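Asker: Below is a structure I'd like to ask you about.
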Amino acid sequence: MRFYFLTLFPEIFEIYFQTGMIGRGVKAGLIDYTVINIRDFSGNKHHKVDDTPYGGGAGMVMAAPPIVAALKSIADLGTYPVIYLTPGGKPFEQKDGIKLSEYPGIIFICGHYEGIDQRVIDAYVDLEFSVGDYVLTGGELPALTLADAIARHIPGFLGNSDSLAEESFESHLLEYPQYTKPREFEGQEVPEVLLSGNHAAINKWRLLQAETRTRLKRPDLFEKYQKSLHNE
């Protein structure tokens, strides 16, 4: 899987792809990344890539020419889906990460200011995603969020496929509580059932905990879970 990031701040990405599981994925050859500085395609000595919006209004808009020039520098343009991160996009979900992990590569456009010229979206963008109902200063963090969520579904990335199957959202349920040593901490003890060695009882407890957590914290998700049970 190859990720392309079109950005005004390329330095944001380097440390992320050198650490943790993402870094191990890069070293193992499971994922690769290319960061493209949109300013390199500005066509002017000041590397200016934005301008005032037609019709007036606050802020600046990223211009189409440098973004499109940056896109066209990618040999695989037309093969990989182009994703634009925007608060107006579809809320990104686990199922989107699973589907996108099947592509050999993905191109992310990271916007800034008041966004990008609509003509780029109309002509080049395949998918628009949001990471929540709030506004960030740029699209870099959302792009990294999607890349991380997608990478986890690449075969061999996690090592243990059971870990992926048991994660939150895989079955419309939040994950059950997790405990490790010590057995007692500040007066709180690990639930006795987890120490019993009875795997059937443990699985039953975990399912009940996951259902309870989801019902209390994410009633919208719990509704999907209930519907999935009725459809089985």
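One-based numbering along the chain as shown.
Heads up, the Cβ atoms here are built off N, Cα and C, so glycines get one too.
Marked as domain 'tRNA methyltransferase TRMD/TRM10-type' by TrEMBL: 1-224. Here TrEMBL flags GLY111, VAL131, GLY132, ASP133, TYR134, VAL135, LEU136 as S-adenosyl-L-methionine binding site.
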Asker: Please work out which residue of VAL131, VAL135, LEU136 has the most C-beta neighbours within 10 angstroms of its C-beta, and give that one of the binding-site residues.
Answerer: VAL131
Asker: Hey, what's the Cβ neighbour count for TYR134 (S-adenosyl-L-methionine binding site) at 10 Å?
Answerer: 7
Asker: For the domain 'tRNA methyltransferase TRMD/TRM10-type' (1-224), would you mind checking the mean pLDDT of the predicted model?
Answerer: 93
Asker: Who sits close to ASP133 (S-adenosyl-L-methionine binding site): which same-chain residues at least 6 apart have their Cβ under 8 Å from its Cβ?
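Answerer: Long-range Cβ contacts: PRO87.
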Asker: Taking every protein chain in this structure into account, which of the binding-site residues GLY111, GLY132 has the most other Cβ atoms within 10 Å of its Cβ?
Answerer: GLY111
Asker: What kind of secondary structure is ASP133 (S-adenosyl-L-methionine binding site) part of, going by DSSP in three states?
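Answerer: For ASP133 (S-adenosyl-L-methionine binding site) - judged by DSSP and reduced to three states - the answer is coil.
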Asker: Where does GLY111 (S-adenosyl-L-methionine binding site) sit by DSSP, helix, strand or coil?
Answerer: coil
Asker: Let me make sure I understand the span of the S-adenosyl-L-methionine site: among GLY111, VAL131, GLY132, ASP133, TYR134, VAL135, LEU136, what is the greatest distance between any two Cα atoms, in Å?
Answerer: 16
